[in-house]
Structures are given as structure tokens and as C-alpha cells.
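Asks: Under the heading domain 'Cytochrome oxidase subunit I profile', TrEMBL lists 254-548. Residues or ranges marked as transmembrane segment in TrEMBL: 6-27, 97-117, 177-201, 213-232, 244-263, 275-299, 308-328, 340-362, 383-403, 423-444, 456-481, 501-523 (among others).
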Amino acid sequence: MNAAVLSLVLFTFLVGMAGLLILLWSITRNRVSWQKTGATIIFDAGEIGRVEEPAASATDVAALAESAHAHDSRDDARSAEDIQARRDADVSSRTPVLAFLASAIVWLVIGSLYGVVSSLKMTFPDWLTGSAPFTFGRVRPIHLNAVIYGFASMGGIAIALWLMPRLVRTPLRGGRFATAGVVVWNIGMVAGLLAIAFGWTDGLEWLEFPWPIDALFVIGGALAGVPLLLTLRAKRVAHLYVSAWYLGAAFCWFPILFFVANFPGVHFGVEHATINWWFAHNVLGLWLTPMGLAIAYYFIPKVLGRPIFSYGLSLIGFWSLALFYSQVGAHHLIGGPVPTWLIAVSIVHSVMMSIPVIAVAINHHITMRGRFATLKHSPTLRFVVVGALMYTATSLEGCLESIRALNRITHFTHFTVGHAHMGLYGFVSMEIFGAVYFILPRLVEREWPYPSLIRAHFWFALVGIVVYVGALSIGGTLQGLAMLDKAKPFLDSVRVTIPFLHARTLGGVLMTFGHFVFAYHTWAMATGRGPVRTFAGQTPVLTMEKAA
């Protein structure tokens, strides 16, 4: 086992060194700008100082501009060429983006329902036990895989396909490959979830899909990545914005992670458990997290009409994430039968992850400084900024959770479940929601028909995740302390969690309500319920002067 794990560590180290060489090459070829002007590359002429929010009404855009100390976003602020280029980018990516988004929303609803059922089974274990597909051991993995590979991954791919043409200022190339990819990916989702429901599974968390079905995700993901590569090669920018770095890296890292962890006949026993958590943590940190950060780094400055605070700091955050994240997963195995040096490496990497987290937090907070009132008027910012705050909170919590003194309390408790949901839902899902509210009006050329439903979705999601994480954090801590108390029987550590498990279900139900609102609203827009936009792909025209 030591040889296999050591080989994996050396491999990831070499990949990291290769990344540094790519960085050095990029700097010498002027592909990277460390100057403040690097943050302005996502803006067309006349856009800086002008808010942009397709999800808001004309009245809200006016209030947003005032809160942001900026102008409104008007078509006459841009050249005809810039406007046409934006529309061309929307048209080129419309079909694959809508296909991935529609699929993601369907899997979100399905995964949410299974999540509520699995949560109820924690307090009503005898419910739905007469049918094997509805036992906890199958319902919970269906929930996990539906939201990870169905909603989060497909939603992230959709946003990436929409963002990349704008980041490199060229229409999406090879969109038909991505459209084929969404079909293959969905076939894999259906086959994988049915396999789990009927008892055919690899039996490892985040790796439950049988390996023959995994091949469908490899093919589907490769097809989805082809347009991004072709578009990146056809770029019309002097250097790549940090969001492009995050997206490009995510699509490089995920195939490596997925292939190494799912290759059949290689990993066994304790070694397999080690690979399991290496993969599970890295799917969140090197696949979904980069996509979430790419969204935040694009939409926060774009809506505000204000470049990010420090472009150099954003690149430090990216490269420190690339260097430190790959080995953090082993801290989930503290106390297990794994080499001590591996745990030590994981703890060090986990603590060092505070560097990219703090870099991102500083950048986002200072960019928003003095403009937090914009959250009242911008649906996109509400989701994206809250998601960015959740990223900071969950990441710093993860750094602390890896320290042995705290890990001995939280390990094997519901605290870990709450922590995982704060990262995947509080951060990644919130970023995806915010991005969808921004881009859908551009793709379908209609306004959101019911603005009140956007607010309802936000509050259902926010209150739900706060209740969920808060309950499991408190309950998990009490559970851990009870397990450490030698004078108490183990059953006491179970009883103490019961009220918090009820609160967990309440939080899950609230989030699920929000998902139904979100699904209905997107369906209503797609079927023509919203008013046609005055300018396809543009923010409604206003006639206000610069706000104070």
C-alpha cells in the first residue's frame, strides 16, 4: 500500500511542478498579466463604472447603480461591434448551455427529493423499508450522486460553456460536441442511479457508480471539454483572465482524478479507502471549487462594473489552490490504518489551504466594500456573494477540522456532513444559481417573468442551508464529545443528535422548496412566460445619470 500511495503522491507532485512550468511559460509568453489592468480584460469599452444585471427589472437596475456608485448599463455605452460580439457568443453557446442547464435542474429536483427521504430515514428508520431500492443504503447514494454529477457538475459545465467565449472574446467553437456530451452524460446518470437503486455499486462514497458506467462520464465529459479547448485556442485576448485559468484547470484535473480513482482492478483494501478520499475531496476542491470561483471572479466585478481589487492576488489564490489542495483528503482518515506520513502531509496541506482561501476572501470582500447594499437589488449578486462568503467559511473550517485536536471531536459525526453541505451547497450551488439568473435572460432573450420567485428561491435556499449546517454543526459537536466521554454509553451519542436531525430535515425541506421554485421559474421563462427583452442579451435601457 505504501508504494501505491507514495506513487500517487509523487504523481500529483509532478503534476503540480508541471503546472508551475506552465505558469512560467505563460509569463514569458505574456499569457499572464500581474498588473491591475489584467482585471479589466472582461470589460468592453465603456463598461467599467456601469452596472450590468440581466436578472433585475429596470427599477432595480437603477437602484443597483445608485448602490454601486455607478452608471446604469446602456447599449449606447458600447460599440456596435461589442454588442454584436456578445450576441454572437450567446447564440453560439445557446444549445449546449440550455441542454446542460435543463438536465442539471432535473437532477437537482430528483436529488433533492431523495435527500429529503434519506434525511427522514435518520429519524424514522423503519419508513420505506419494504422495498430494497428505498432503503437508506441506496437512497442516500442516489441523492449524493444526483446532486454531485447531475446538478453541480452539469450546471458547472453549462456555466463554463457560456463563460469561456466571453473570457476569450470569440464564439464557442464545436458546440455540437458538447450537445452530444450532454446526451452521453445523462445516459450515464440514468444507468448509474438505476444501478445503485438495484444494488449494483462499487460501495465507495462518491465512487458508487460501477466502473463500466463510469466510461460514459469519461466520454461525455471529454465531449463537453472539446468546445472549451477549441474556443481557448481561438482566443482573441492578450492574456487569460483568472476565471479562464480556473475553468481550464478544472477540466484538466477532473479526467485525471476520475480515471485514477475508477480504473478497475488496481485499488484494494485500505489503499482503496485512501484513494476514495483522495478522489472525493479533490472532486470538490479541484473540479467544483474552481468552477465556483470562476463564477465569482467573473460575475461580482461584471455586475458592479468594477474590476476586482487585485488581479495579482487572484493568481496567487489560483496557484496556491493548485499546489496545496491535492493532498488534503487524507485528513478524513486520521486515526485509520494509513501511513502516518500521509496523514501528516494531508494536515500540512490542509492548513496551507488557508493561503488561497484568504487571498480569495480579501479580493472579493474589498471588491464589494462599500457596495454591499447592491445585494438588495441584484439577484445575481445575492447568490454569488453569499456563495463566496460560504466558500471562505467552509474552507477555513476545513483547515481547522484537519487539526488532530479538533478532528478527534468532529470525526465520525454529523459535523462532517454539515461541513460538506456548506461547501457543496452553500458555495458551489449558490454560485451556479446566481450565474443561471444572469445568463438565462441572455440565452432565451426574455426577462424573468416572476421576480418575487427569485427572492423566494434565495431565502428558501439561504435559510435552509443555515438551518441544516447549524443543526449538524452543533449536533455533531455534542455527538463527538459524547463519544469521547468514557463514562457515557455509545447510545447517548446517538440520542443527543435526534433534535438536530429533525432540524436537518427541516433545512433540507426548505432547500427543496427553493429548488421547486427555481425549476418552475426556469420552465416558465423557457416556455415564453417572461416579457421579451428590449435588446437581446442586454440589460434594459435606462435614462439615468451617474449616481452619487
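Please read every residue number as a count from 1 along the shown chain.
Here the Cβ of each residue, glycine as well, is placed from N, Cα and C on the backbone.
Just so you know, TrEMBL annotations are computer predictions that nobody has curated.
Model, not experiment: these values are computed from the prediction.
Are these features on the surface or tucked inside, and what are their neighbours?
Replies: Averaged across the domain 'Cytochrome oxidase subunit I profile' (254-548), the predicted model reaches a pLDDT of 93.
Away from its own ends, the transmembrane segment (244-263) comes close to residues 8, 15, 19, 156, 160, 163-164, 167-168, 207, 209, 211, 214, 217-218, 221-222, 225, 228, 232, 275-276, 278-279, 282-283, 286-288, 290-291, 293-294, 297, 315, 318, 322 of its chain (Cβ-Cβ under 8 Å, at least six residues beyond either end).
Sequence-remote contacts of a segment are chain residues at least 6 beyond its ends whose Cβ falls under 8 Å from one of its Cβ atoms, and for the transmembrane segment (340-362) they are 5, 9, 274, 293, 296, 309-310, 313-314, 316-318, 320-321, 324-331, 333-334, 388, 391-392, 395-396, 398-399, 401-404.
Residues 53-55, 90, 93-94, 97-98, 101, 104, 147-148, 151-152, 155-156, 159, 162, 284, 288-289, 291-292, 295-296, 299, 303, 379-384, 386-388, 390-391, 393-395, 398, 454, 457-458, 461, 465, 468-469, 511, 518, 522, 525-526, 530, 533, 536-537 of the same chain lie 6 or more positions beyond the ends of the transmembrane segment (423-444) yet place their CB under 8 Å from a CB of it.
Outside the transmembrane segment (501-523) by six or more residues, the chain places 101, 105-106, 108-109, 112-113, 115-116, 119-120, 122-123, 414, 425, 433, 436, 440, 448-450, 453-454, 456-461, 463-472, 475 with a CB less than 8 A from a CB of the stretch.
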Asks: Could you give the residue numbers and ranges of same-chain residues that sit at least 6 residues beyond the transmembrane segment (213-232) on either side and whose C-beta is under 8 angstroms from one of its C-beta atoms?
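Replies: Tertiary neighbours of the transmembrane segment (213-232) are 96, 100, 149, 157, 160-161, 164-165, 168, 170-175, 177-178, 180-188, 191-192, 195, 244, 247-248, 251, 254-255, 258-259, 262.
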Asks: Are the transmembrane segment (275-299) and the transmembrane segment (97-117) close enough to be called in contact, which here means at least 3 C-beta pairs under 8 A that are separated by 6 or more residues?
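Replies: The answer is no, given that the two segments have fewer than 3 Cβ pairs within the 8 Å cut-off.
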